[in-house]
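These features come from TrEMBL:
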DOMAIN    27-89  domain 'Transcription regulator MerR DNA binding'
Amino acid sequence: MPARQLQRLEQRGFGGCGHATRSFCIAILRFIEHAQGLGFSLKEIASVEVAEGDHPISCDEAIRLLSGKLVAVDAMIAEAKARKSRINALIAELQSRKTQA
């Protein structure tokens, strides 16, 4: 992770590693990057309680968070499909008017 990105994370509440081990810090940074790649905001990520060990969060917590994100993504997809349908209907209507004119 670039130093500039790390500084931004620290400014948003993700403090330095302090007394944590280097491997734990790396695991946390990877977790943050991975979570962002899945659409989680830094605010959402900051609300997660992390623990030292092989995995920053428990499987149960990960499943809960991912399930919630999946519901949100499904809602966005449904909204986008409805919007696409309205756009297609408007295009068809405008093309029909154009042909009649």
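Cβ from N, Cα, C; glycine included.
Sorting each residue of the domain 'Transcription regulator MerR DNA binding' (27-89) by its DSSP state yields 47 helix, 0 strand, 16 coil.
A mean pLDDT of 92 is what the model gives for the domain 'Transcription regulator MerR DNA binding' (27-89).
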